Amino acid sequence: MAIERTLSIIKPDATKRNLTGKIVAKFEEAGLRVVASKRVQLTAAQAGEFYAEHKERPFYGELVAFMISEPVVLQVLEGEGAIAKNREVMGATDPAAAAEGTIRKEFALSKGENSVHGSDSEASAAREIAFFFSGLELVG
Ligand code: RTP
Ligand code: MG
């Protein structure tokens with residue numbers, strides 16, 4: 001399988017509860033490597049544009065408000081099949097449906113406050129990495 005890179009976000013509910021290290025450990029244990037990392041306070045404009053695909057969904061306003069409620073940790077994860085592997089480690093969007101051992105099963109509070117984001121395709125990963133990081137910030 002090819003070496004891929006994917007964008008991961010440790011969301012406000014998790015940074016607020018000081019879970020950054022525990023979440024990163026799950027990615028590392030699964031064989032993913034952190035090749036870029038920064039903690040930022042997103043603006044409403046940034047969060048709104050990042051989630052533009054969900055603009056028409058009923059939860060969009062709530063999602064943007066949540067994503068700017070506390071700082072987030074943005075990371076690029078690298079590894080074999082990193083895009084699918086990251087989503088496997090995250091678990092289902094709704095923690096009630098997430099498998100045992102996944103990040104969302106262990107840490108998520110609700111379907112909205114679900115601790116992590118991960119790119120869902122090669123195209124999303126390319127867009128999302130470029131949205132937050134310059135090439136110089138990626139150190140493989
Ligand atoms: P993500 O994009 O954050 O990795 O999560 P995902 O693919 O599993 O979920 P997606 O359908 O793309 O939804 C993006 C984020 O919106 C919030 N959400 N809230 N209240 C709700 O019904 C609802 N549905 C989705 C979650 O924070 C979800 O991760
Ligand atoms: Mg998604």
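The backbone N, Cα and C atoms fix where each Cβ goes, glycine too.
Please treat TrEMBL annotations as automatic predictions, because they have not gone through curation.
Marked as domain 'Nucleoside diphosphate kinase-like' by TrEMBL: 3-140.
Under the three-state DSSP scheme, R104 (ATP binding site) falls in the helix class. If you take the C-beta of R104 (ATP binding site) and look for same-chain residues 6 or more apart in sequence within under 8 angstroms, you find M90, G91, A92, T93, D94, P95, A98, N114, S115, V116. Per TrEMBL, ATP binding site is recorded for K11, F59, R87, T93, R104, N114.
Positions annotated as active site, pros-phosphohistidine intermediate by TrEMBL: H117. Applying an 8 A CB threshold to same-chain residues 6+ apart, the list for H117 (active site, pros-phosphohistidine intermediate) reads L7, S8, I9, K11.
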Next item on the list: Out of T93, N114, give me whichever of these binding-site residues has the highest number of other Cβ atoms within 10 Å.
Entry: N114
Check: Of K11, N114, H117, listed as recorded positions, which ones have a Cβ less than 6 Å away from ligand 1?
Finding: N114, H117
